Amino acid sequence: MAEFGELEAQDGVRMPWNIIPVATKKEQSIDSEVPVSAIYTPLKPLRSQSLLLPYSPLRCRTCRSVLNPYSVVDFSACNWGCPFCFNRNPFPLNYSSVADNNLPPELFPHSTTVEYLCDSFSSPSPPVFLFVVDTCLISEELDFLKSSLFQALDLLPDTSILGLITFDSLVRVYELGFPHCTKSYFFHGNKDCTKDQLLDQLSFFVKNPKPSSGVIAGARDGLSSDDIARFLLPASDCHFTLHSVLEELGNSPWPVAADHRPARCTGVALRIAASLLGACFPGSAARIMAFIGGPSTQGPGAIVSRELSDPIRSHKDIDKDSAMYYHKAVEFYEMLAKQLVHQGHVLDVFASSVDQVGIAELKVAVEQTGGFVVLAESFGHSVFRDSLKRVCQSGENDLGLSSCGIFEINCSKDIKVQGIIGPCASLEKKGPLCSDTAIGQGHTSAWKMCGLDNNTSICLVFEIAKIDTADVVLQSQSNQFYFQFLTYYQHSNGQTRLRVTTLSRRWVMGTESLQELSNGFDQEAAAVVMARLISSKMETQPEFNPQRWVDKALINLCTWFGDYQKGNPSSFSLSSQLSIFPQFVFHLRRSQFVQVFNNSPDETAYFRMILYRENVSNSVVMIQPSLISFSFHSPPEPILLDVASIAADRILLLDSYFTLVIFHGSTIAQWRKAGYHNQPEHQAFGHLLQSPRDYADTIMSERFPTPRLVICDQYGSQARFLLAKLNPCDGDAHFSGQSNVFTDDVSLSVFLDHLRRLIVH
């Protein structure tokens, strides 16, 4: 799979089918199980800064695609042919010197991904951060949160615009521009507040009269900059005031009965935050950063009543349609999502609670705006603390936050777009590229991406038109399909840029070219696409059976590409390009994306939101965790994700993306407890203990959200974090130091045996 990694490094794209199958109208499409699709990372860092071009792109007059290496150039006539619509376009005067030995950079063969600087003369706008803080917390948790906020504020640039809102049963909007004392405006948490009501109550039109018509949006459209600066102002101007307000901030003063939950109006607070940003900074790089410590119990967006006797909804309640608050809350957050997308703003949620806070309902607003979600047990936990630090820091290890993105696609006429599964919102740009079948955000060829970073990855799903007969192949002018992805965005330095990626993939008749299709099959990308499709279908199709769907897809794919003798299971084999795919499917069936019964709706929503925005390599770790062995007998090495890998004299490091587990075998644990690693004559043992911790620290420093670290011993209570991910052994195996795992799940070998029998019979 190294060659697919090279393609990803160049263009940020991984496709399950790198040679695309085409079928006649009388045949079953091979891609009906794993669709023709692409996992694309729009802002993957370029290999060379020379591919940043300081001018505007040259576009086709007919289809608006951008000049690219696959364009056919006629130097004598000084024009170029578009590979998408075949229209010929003249070069403008500034391209008059184009020649075979004097090509512009966008025509170089390796320039399949280039970036254009769209407004080199405009002044960059500063980022805006509006903090929305839940005060219905115990004092210890609030102190943890305040400590992290102080650290975050110190990391933000002085030019960034800051604001503060707090909430319990009331919402407080702080006037940070008032220098004499702490001043805030109160809003009741029981009812929604429109933008006009908000502006009236915040006295925005005392000095300047309210416009009689038109949209009130920012200093240019009805609001004075002085009024805006009362609530949202540069960090350098409000640093002292904001620190003072946070230092004085106490937990909610309202008494809470022992059998009740606190009155928490999360929905109203977020609505007020969105309206304030929409009025003051529309279309700017603004983020609402919400810090939530429990479930919303009051006003729009509430997910449960205040009585503790009323349990928070479970998966079973949602499936049976007996979750009383769920649908109303989702409807409210869908409305909030539309408002934020229209304004171009991002919602980030940092949830820290042992209880559910409503991530399942908030999911639509966070996902459609491209926001982050972090789920931790406490505001003092490193998962929250380090993740917040990564969002706010700038420099070598930052996330590369960008904003105000618009993603568009062009492709060959026989390809239609079914949709995108990922952090974006449809712009409802209908046209000939749109398929009748919608997957995820469908029925459009353009999407809004309010927030995106260097790792944000979207899954595009395509539909390939069937041909009448195989004779059409012989008459075809070209056996290439072309795709062009265009991403407009505001860079973290304030520049507006356009990233253009143009791809070419060969197509073949599926049933006649199985070997060629097999050679171009990327099984890692296929597993990730399957995981996204399953998760999306489980969210939108109540009767969907994920195990049956994925099993059918695997059986059909292996039937197409497997080599076997009829009736002889032992003869079955797959080529190296597909040999690991059944193993991926086995682990996908057992993963948190399919098996939701052991997780809350909030946890399931959290896992899926992270899956929807991560690249292939990170997503594969979520599906099939990696296991590394550390011992005296060999250097660190990856080993099978199997119970047989446990040994008394071995340390294991499990990486399941969300959790890192350092597991000490029983002998290693005894030596550690005896303190041998502190003795000079046992330095080698000390190095052995430290080695997995160094590996884990490296992973934690590069990953977002920061994973949870669990350090445990064999036979200890927390060893369950490792054992739950391991493949159970068959029967009564006798491995040295092996733990017994009692489970209803079949082992990988039994799963593969059943697969072989089904295929050959």
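Note: Cβ is positioned from N, Cα and C throughout, glycine not excepted.
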Annotated stretch (region 'Zinc finger-like', per Swiss-Prot) among the listed ranges 60-85, 112-137, 346-371: 60-85
Within-chain partners of the region 'Zinc finger-like' (60-85) [C-beta distance under 8 Å, separation at least 6 from its ends]: 91, 95-96, 98-100, 104, 106-112, 410-413, 480, 482, 484, 486, 500, 502, 504
Confidence summary for the region 'Zinc finger-like' (60-85), mean pLDDT rounded: 94
Residues in the region 'Zinc finger-like' (60-85) grouped by DSSP into helix, strand and remaining coil: 0 helix, 7 strand, 19 coil
Other CB atoms within 10 A, centred on Cys85 (Zn(2+) binding site): 16
Residue with minimal Cβ packing [other Cβ atoms within 10 Å] among the binding-site residues Cys60, Cys63, Cys82: Cys63
For the Zn(2+) site built from Cys60, Cys63, Cys82, Cys85, further residues of that chain with CB within 8 A of the site's CB center: Arg61, Thr62, Arg64, Ser65, Pro83, Phe84, Phe86, Asn87, Asn89, Asn410
